[in-house]
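Encoded as C-alpha cells, the structure appears first; notes follow it.
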Amino acid sequence: MTLVLGGARSGKSRYAESLIEARPGPWRYVATAQAWDDEMRERIAHHRARRAPPWETVDAPRDLPAVIRQAPAGRPVLVDCLTLWLTNAMLDEAADLAAETDALVEACRSAAGPLVLVSNEVGFGIVPENALARRFRDEAGRLHQRLATTADRVVLVVAGLPVTIKGDA
Amino acid sequence: MTLVLGGARSGKSRYAESLIEARPGPWRYVATAQAWDDEMRERIAHHRARRAPPWETVDAPRDLPAVIRQAPAGRPVLVDCLTLWLTNAMLDEAADLAAETDALVEACRSAAGPLVLVSNEVGFGIVPENALARRFRDEAGRLHQRLATTADRVVLVVAGLPVTIKGDA
Amino acid sequence: MTLVLGGARSGKSRYAESLIEARPGPWRYVATAQAWDDEMRERIAHHRARRAPPWETVDAPRDLPAVIRQAPAGRPVLVDCLTLWLTNAMLDEAADLAAETDALVEACRSAAGPLVLVSNEVGFGIVPENALARRFRDEAGRLHQRLATTADRVVLVVAGLPVTIKGDA
C-alpha cells in the first residue's frame, strides 16, 4: 500500500496514476468526488479526461471501505482521493466517523492487491477561522498518521516531484 | 537541540516525546498552552493524557526562556509548543516581542541538557486575509529560521513520519 | 535553472541569493513586487536592504518573460518571486494568463545564463473560502509543476534549510 500526499495542484494524482500504470492492467480507479457544484464538476471532468480503458472507474463518495474490499484479488486500485471521502463523511450528519475511518484503515490494511491512496496534506497553513475546517484538518491529519503507519510507502508530492518519506525511493 | 516542525495533527508531539523518552528519565515537559476556550482545553487534555511520571510538567505560557534556563543540568526537556508561546506573546500588548524571541533563542542555545522544541509549520498556505495571522506567520517563520541555525537537528514531521532536514537521520 | 520553493518567511529568498552569489558577479535581481500598499512597500524595502552592487535590480511586475530573455548571456539571474508575478497577472483583467505562463516557461527553458526562480509553495493549507485564492493556488501549483519538469534542480526551503527534491543536493 502506498499513501501519496500532496498539496493542491501538486501533481499527486498524476504521480499516483503513474504508480498504478507501471503494473499490468486493468486498473481500478475509485473516485470519491461528489459533484456538489460547478467548480467540483469541472475538477472531476479534468481528472476523468486523463483516464480511459484499461482504467475502470468505480464511484465511492461514501462507502469506500466496501469498494476497496470488493476489488478483485491482484487488481491495482487507485483511490483519489481520501480528502473528498472524508469531507463527504463529515458532511453526512448520520455518519459514525470514527467507525468509518476504522473500517477504512482496516480495508486498506487487508487489501487484496496493490493499493495507492491519494490525499491532500492540508495541515501546513494558519489555523483556519472556520470551526469545520479546523475539525477537518484534525481528522485528515489523524487519518494520514494511521494510514502512514500501515503503508509500505509514503510519498509527499511537491511540484509534481515525489519525495519519499517512508519505504524505498 | 532538536527542532521538530510539523503541520496540524502531524504527529509532531508524539515524535518529539519519543526522542525524549529514548533517554533516561525524569523528563521535563514544558507546556505553553493557555486554556482560552473549550477547544483549547480539550487539546490540552488530549496532550496531557499521554504523559505520566517520569514526565514532570511545567507550565510556561509566557516566561519560556526562564523555564528553559532553570531546568536541572542534563534533564531532557520537551517544549510543546513554540507556536502557542509565540501566540501568547503576540497577544500580550505589553510584551517586547523582539526582546522575548532574542531571549528564547539565547536560552535554547545555552540549554544545559537535551532540548526538543516542537512548533507548527504554518507558512505553506495562501496569504491569510487576517493581518494578525499574516504577522504571526512572519514571526513564526523568522523564529524557526533562527532556531534552525542553532539546532543540531531539524525534523519535519509529515503523517507521523520524521523527515530530517538538518543533522543525522 | 533552479526552482526554489518555500513557505512564507522560510528563508527562500536568502537561500536563492546565496546560490547566485556563489558565482562571479555582476548578478541581476529581477523584482516582481508591485507596491500596492504599505505592507508590501515594507516587504520590498526589507528585501532591497539586503542587496547592493554587484547586484543590479530590474523591475518586472508584469513582463517577466521579456526581462528573462533580455539578460546578458552568462549573467546569473534571480527572479524573486514568481508568486507576485502570477498575482499581478491574475489581477490584470486584460491579461491572457495561459499565454503569459507559456511564455514564462519558454523564457526559463531557453535562458542564456544561470537562472534561479523563487516562488511560494501555497498549496498545503485548507481549501480557501475565497474563489480568487483557490484559483491562484491552482495556477501556482500548475506553474510550479511545469517549471519543475524543466528545472535542473528543485529545492524546498524549510526554516531556512534547503531540502533538494530534484537534482544534486
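The backbone N, Cα and C atoms fix where each Cβ goes, glycine too.
Long-range Cβ contacts of A:H47 (active site, GMP-histidine intermediate) within its own chain (separation 6+, distance under 8 Å): A:S13, A:A31, A:A33, A:D80. Marked as active site, GMP-histidine intermediate by TrEMBL: A:H47.
Its Cβ taken as reference, A:A31 (GTP binding site) is surrounded by 21 other Cβ atoms within 10 Å in the chains shown. The GTP binding site feature in TrEMBL is assigned to A:6-13, A:31-33, A:48-51, A:D80.
Checking the recorded positions A:A8, A:S10, A:H47 against chain C with a Cβ-Cβ cut-off under 8 Å leaves A:A8, A:S10, in sequence order.
Around A:A49 (GTP binding site), a 10 Å sphere centred on its CB holds 8 further CB atoms from the protein chains shown. Of the binding-site residues A:K12, A:R51, A:K12 has the largest number of other Cβ atoms within 10 Å of its own Cβ. Cβ neighbours of A:G6 (GTP binding site) (same chain, under 8 Å, six or more residues apart in sequence): A:K12, A:Y15, A:V118, A:N120, A:E121, A:L156, A:V157, A:V158. Around A:S10 (GTP binding site), the same-chain residues at least 6 positions away in sequence with a Cβ under 8 Å from its Cβ are A:V157, A:V158, A:A159, A:G160.
DSSP assigns A:S10 (GTP binding site) to coil, not to a helix or a strand. A:A31 (GTP binding site) falls within a strand when secondary structure is assigned with DSSP.
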